[in-house]
Structures are given as C-alpha cells and as structure tokens.
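Q: Pulled the feature table from Swiss-Prot, pasting it below:
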type: COMPBIAS; residues: 34-43; note: compositional bias 'Basic residues'
type: COMPBIAS; residues: 44-54; note: compositional bias 'Low complexity'
type: COMPBIAS; residues: 201-213; note: compositional bias 'Low complexity'
type: REGION; residues: 33-64; note: region 'Disordered'
type: REGION; residues: 195-215; note: region 'Disordered'
type: ZN_FING; residues: 106-128; note: zinc finger
type: ZN_FING; residues: 165-187; note: zinc finger
Amino acid sequence: MALEAMNTPTSSFTRIETKEDLMNDAVFIEPWLKRKRSKRQRSHSPSSSSSSPPRSRPKSQNQDLTEEEYLALCLLMLAKDQPSQTRFHQQSQSLTPPPESKNLPYKCNVCEKAFPSYQALGGHKASHRIKPPTVISTTADDSTAPTISIVAGEKHPIAASGKIHECSICHKVFPTGQALGGHKRCHYEGNLGGGGGGGSKSISHSGSVSSTVSEERSHRGFIDLNLPALPELSLHHNPIVDEEILSPLTGKKPLLLTDHDQVIKKEDLSLKI
C-alpha cells in the first residue's frame, strides 16, 4: 500500500513542492548568514533584565537576529524552564500535609519515651531494672566445690510478676521462690561453695575421709611382707588356736596329759617337797 501511494502523481507533486521550498529557504537564509552582526542597545538596568525572564519576540524581530543570538536565546529559555519545574515540585511537596502526630499517653519516667499502651510501657520499664553485679565466688578446694560466676551482661530469668529471686550468698537469680529455696538448701548442707565456715569444714572432713578410704583400698591391693601373716592366711591350720582367737573370753579347759607328762609332774612335786 505504501509503494502504491508513493507511485501516485500526487506524491511526486508534493516531492517537487518540498524541493522548491528548500531552495526558497536557502535563498532567503544565505544573505542572512553572510550579513554582519548587528549591534543592539543594551538596557541600563541589569537587575531588572536579570530578574525578568526573556520574553518571546515577534516573528519579524526574530528574523533580524543572527544565528548565534538565536541559539543563545533558545538556551536561555531552556535554562529558565528548570527552576520552574523544581519550583512546582517544591510547591507540591509543601502542599502535602505533614504526618499526624500520634498521641502517646503512657510515658517512661526514666528515658522520656512514650508508648501507646500500658503493657508496652511495662515491658520497656523492665529493661531499666538494675542488674546484679558481677560476682565470682571460689572455695579453698577447687577439686571438690565448683566455681560459681555471674556475668552482668547475662540475661537472668525474671518471674512474670517482675520480682527477682536472688540468692544472698552467691547472687544467683532464679525465676521462682521454690527454685531459690532448693538452691539455698545446697548452701546449708555444704554441697556448694560460699556457704560459710560449716560448709568448708564439712567439705574438708569429707576430703580427709575419702583420702583414708583410698589409702585402705590401696593397701588391700598388695601384700606387705614386713607385716605378720593374717590368721586366715596361715599355712598350718590349728583349730584350737583359731577357737581361742575367735572366743577370747572362754573358760579354762582341762589339759589332756599323757603318761610321760604325769611322771614328770610327780617328780617335780617330790622335788619341791
């Protein structure tokens, strides 16, 4: 369709007209370009000219300008368009209403922060509570009693009511009073360090008992040849000796004398007489 339209006589006629127009324009512009630059009078008030934007001149006056002046005028008009756009943008921003400030009735007395509800304020006040100081308690014997340490930056369990259950001996925090009571019982019984003199004495006593028991077990592991043999380990088993050892409070038993012993006894009696 486009090729057919171009081949029509009307299209060729319009093409010829455009060529003629271009020739006329070239003839008209050629003396205008070769002409010397005209000197025009400048206004004596530069402040008024700088403040007021350049006005568009009529068509006849624009034809008197040189090409350089016409381009400079176009650049000035383009430069004046940017502030107008920014001014319109600033006006649109100023027209937008500011965000409505929310009324927060609940205010913290410490840091002056406001909250919409009392529950939020209570949760915030929990962060202002004083944390227990850093405490490191050790005992004399590190092998028997453990070391208890509390770091200030550590999060301690706090009950829902907000009450802190802290041990007065080792400053350890517990969520409930029952847990604190069970922990204090360990201090009173001497199972944990830091419970006073009684706890340390009981720990030292238990350490000495354990050392004696370990010594007895070590002696049982081997036989000392310097010690006399035990009765149950003797080679010649004598039932009479065993009976005397087992029952030292038994009465006297009659001696069974042989004939030779009786003769010797009679001789001894005769000699005494």
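Cβ atoms here come from the backbone N, Cα and C positions, even for glycine.
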Q: Could you give me the DSSP helix, strand and coil counts for the zinc finger (165-187)?
A: 11 helix, 4 strand, 8 coil
Q: Using DSSP, how many residues in the zinc finger (106-128) fall into helix, strand and coil?
A: 11 helix, 4 strand, 8 coil
